[in-house]
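Asker: Please read through the structure below; I'll follow up with questions.
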């Protein structure tokens, strides 16, 4: 019987193969090239076609591995080990914000491809940082069977690194996003936006400081929504562009009135 994991990976494999064939036909491939892996003609854009086919092959390998290990089913493990007792199941893990932040970083990099290379680089840096944090979190959650010990291991390993690094990266990204928002607004609008943001930050911080019983999850949710809102507004402002700056003063010259000698 096919396992759930095999069905998932096989489905992704089929989707990537279909995407590769579609990309081949829409980028100049011949009639039989894309469906024959280039043996009977051209495949169109070689880079796109090759990457999608490599992805499809990777999904196929994951499907075979998942089927071979039966999705780590305890009964299958018991039969393989030849024991009568079922091995202990993995302890439950909590929810994680890292997938959402990774998706946000991916969105920033996609927008950066169209708007500006600096935004694209920022998106890539966010994805790399989140990927590293996500990996360490997954490792720490499965290090031992004791959740408290796992949490302590992660704290000892990552706190000296992630606090200064993520702090500096987060401040830089937020400053850049806020600058895009202010530069895309009018002069009076920028003052209004800065005032509203400052009042919201001060009010939220004061409310949290006066409520020591507030749960950690609520604080994390508020911080995430605030950061996500600023980043999304910054992306939209970057797409809109900066406002027109009109220089006033005696040294300003209008180029349209420059006389040209013939």
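Just so you know, glycine gets a Cβ as well, placed from its N, Cα and C.
Owing to the predicted nature of the structure, the values given are computational and were not obtained by experimental measurement.
Just lifted these from TrEMBL, have a look:
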- 6-26: transmembrane segment (TRANSMEM)
- 47-69: transmembrane segment (TRANSMEM)
- 100-132: transmembrane segment (TRANSMEM)
- 163-183: transmembrane segment (TRANSMEM)
- 189-209: transmembrane segment (TRANSMEM)
- 221-240: transmembrane segment (TRANSMEM)
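Quick one: how deep are these features, and who are their neighbours?
Answerer: Here the transmembrane segment (47-69) has long-range neighbours at 2-3, 5-6, 8-10, 12-14, 16-17, 19-20, 23-24, 27, 29, 34, 37-38, 76, meaning same-chain residues at least 6 beyond its ends whose C-beta is under 8 angstroms from one of its own.
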Asker: Residue list, the transmembrane segment (221-240) vs rest of chain: Cβ under 8 Å, 6 or more residues beyond ends.
Answerer: 97, 100, 104, 107-108, 111, 114-116, 119, 170, 173-174, 176-178, 180-181, 183-185, 197, 200-201, 204, 208
Asker: Who are the long-range neighbours of the transmembrane segment (6-26) in its own chain, taking Cβ under 8 Å and residues 6 or more past its ends?
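Answerer: Beyond its ends, the transmembrane segment (6-26) has Cβ neighbours at 33-35, 43-45, 48-49, 52-53, 55-57, 59-60, 62-64, 66-67, 71.
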